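The block underneath contains the structure these notes are about, expressed in structure tokens.
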Amino acid sequence: MSIQSIVTKETLKKKDTNIEIQEKNMNDLVESASRVIAPLWPISTFAAHHPWMGLEKQSFEQVANWLKEARNVDIYPSASMIHSAKAKGEIEESFLQIGLSRWLDSQSFHIPRETAERFCQEALKLERLPSSLLSSPELNKLAEEISYINTGSMEDSSMQPISSLIENQKGDNLSDVLNYHIIKWCKLYLDDSGSSWTMPNREKGLYRAWHHLITFDPALSKNERKVLKDWPQDAQGALTKALSELGIPESNRQAYLEGHLLSLPGWAGMIRWRSQQSIKEQALVIEYLAVRISMELAIVKPYLPLKNQKAEKKVSIVPLIASWIYWGDISTREWLQMSATEQSELLAFAYRFDENTRKKLWLEAWEQTHAEQLKKKISSKQRATNDKKRVVAQLAFCIDVRSEPFRRHLEKLGPFETFGIAGFFGLPIATTELGSNNSHPSLPVILKPKHQIKELADENEYKSYEQRKKIDSSVSYTFKTMKKNVLTSMLLPEVSGPLLGLQMITRSFVPRRVGGFIRNLRKNMLQKPNTTFSLNHVHDTKCEIPIGFTKEEKVNYVRQALKMVGLTEKFAPLVVMCGHSSQSTNNPYAAALECGACGGAAGGFNARVFATLCNLPEVREALSAEGIKIPEDTIFAAAEHKTTVDELEWIYVPELSEAAQEAFDNIESVMPNVSQHANRERLTQLPNFKMKIKNPSKEAHRFAEDWSEIRPEWGLARNASFIIGQRELTQDCDLEGRAFLHNYDWKQDENGDILASIIAGPGTVAQWINLQYYASTVAPHYYGSGNKTTQTVTAGLGVMQGNASDLLSGLPWQSVMQSDSETYHSPLRLLIVIQAPTKYIERLLNNDFTFREKVQNGWVRLASVDSEGRWKNW
């Protein structure tokens, strides 16, 4: 990525961010350029992704400045967000003043400190300069009179596509015309919804399929098709030729490719994801750029060569002078009385203290306020082991922020101990449910599955289940087939109208009852028989990954997970592994509400597999030999936390011992109250909701079943911290559902491997989730996906606004906004708090270069709490 300073004159230059571009072949060039976009997963397996994951070698500030310059995208919170947060008490003014003093101390300037501070204090109010001042003849005349001051110049380092510089006779920008064509070809090639008519030659790749059809495209003019008639057969040759004919010098080609990738980051992100899934499509990004830039050449060729194509940008001094007049209280007369050196110093200072710098200081003050509030909340004094209350059940929940309120209310209502662990429970598996031919990678998307686990049933019971499932699927298949067929699609409304009309009326007016009826009907009809898993290792050459586990692998995964949460002794009679899932209707983003650690799927499958492994005699015997002795009367069970309705659904309960049965009954007895309290807390945070809720659980079910409900739950909005430590650190704290919680006992981690594993796995997932919510909040027009009510699900891949927009990569407006003008999510970078001695943190940072880079470059924040309870910011 090419990030260059905004001006070249030394007095106005910001921190040098030049990155040299060396000669590379086209593959390397495209690979380097691809860092500016993030892979985009299909919406059916919606995985939180960090939009700047390829740019972490640069600082957050550098990337923010580059995006502002290259795409006019602001990734700092807006002034309205900052003012709102300050009004709510989320930003302490003292932290802003500390930040300003540090910034002033770091700068070299030759104006009185008092003058600089006065200017900064006024500028930090984030008021816009009045348009009347900026356009005043007096100001512009003053700017002309002192124009002899050389403010420097710059080349357009972002290398905007040439098409973006041209308008056709209709007044349409040619980049919009180009995007229209590219969206069409991407939809045709990437379509994953089983269209009746697929793109011809699709199996040969995007470029060759496009090359075969482009000369017949009626949307292009005759001259445009003529340009592409004898175009190279291979993508690399086409891309090289197009860049040459457009006159893009080799030194600027990477930046030019970046500009094109950023023009449609959603479609380009989906292309990049596909290129990473198979060897067959590994050159897909090159093919995409070859198609795009070849078409750009055809469209812009009549306008070439452009006049002033390489014109340099000048830094306008008008807003710089205006800022000193408005914020620094310097009149035009005083300006004229200054020497050129004094004027230059003032302009340089105003330039350095730009909008991004001001918002950066506000963001850091906001983050420091949150850290200080969290520091005051959490208890740093761990209870002595013998002071712990006797527990009858231990429940392990996903680290998901939605688990925190549920765990808190559960612990208050009974003798229960809860743990936090990544919801895939450390099992790198691909799951295949009963009767399915497809497997799902049920683990974080940053990992690859190593084992395939299939759900199995008795042959006779399975046949009966399969028949019922075929009846259910045949109805859906028939409807979809009729819908796609040219003739039957005209008959379908007449046939299905009355039934669908009745469904629409009942779904709209009595959603909870109808939704519950349909759900129960399908549940009874498709009731699974008793199932088991293919846990034992089977060598199958037809499978890419082995089925099941060896004995050593079973023991290893159980040991690893138990040690990770510090559960190696004092087992309760009942240990429950709790995955989590969501429940909503008519929601394209359903996968976004599922378990991120399970690749956008429910976590129950993993929970059940892990609990089953823990109950195996062979596993217990091996663990006992290693010192992890699980009592005979301790039973592992599995459940699923339904986050939309805050209920616990049992999915695996083996035969229980007497003590375990007592614990089970205890959990069942308090669960209605837990659900009531958790639902009440969660529902009152939804906008325009009545503060007095007679029956919170009933209301939660209505939200889950109502197909017109745009916000069935807040998901992971307002997430802000990831706390790694023992439960005692946070047990009595109301963390407001804003913290990822992962158990960790540094005393059982002498070499630091467990901590390193938590940071590399769950820590990375939490960071991706955090930055996706951050990006969708601060730049919803670029990194979000707009309003849910106007979205179109396209090609089985994702959503668009209308039928000719980018493939929208982020979260919808309803996931982060409370109203048109007020945000719900607080855009703060993730604060990772680790409960461990200082030497553990130092070792982690020394050994994990990637994590150290994230901390140093401002992509995450880091703090620690040592054994004496001392808090340290890193």
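Cβ coordinates are placed from backbone N, Cα and C, and glycine is handled just like the others.
What you are looking at is a predicted structure, and each value in this text was computed from that prediction instead of being measured.
What Swiss-Prot records for this protein:
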- Cys398, Asp400, His580, Cys595: Zn(2+) binding site (BINDING)
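Shown here: features listed in Swiss-Prot, placed on the structure.
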residue : record              : Cβ neighbours (10 Å)
Cys398  : Zn(2+) binding site : 30
Asp400  : Zn(2+) binding site : 28
His580  : Zn(2+) binding site : 26
Cys595  : Zn(2+) binding site : 29
Additional residues around Zn(2+), ordered along the sequence, whose Cβ is within 8 Å of the centroid of Cys398, Asp400, His580, Cys595: Phe397, Ile399, Arg402, Ser403, Gly423, Gly579, Ser581, Glu594, Gly596, Ala597, Cys598, Gly603, His641, Thr643
Three-class DSSP secondary structure - Asp400 (Zn(2+) binding site): coil
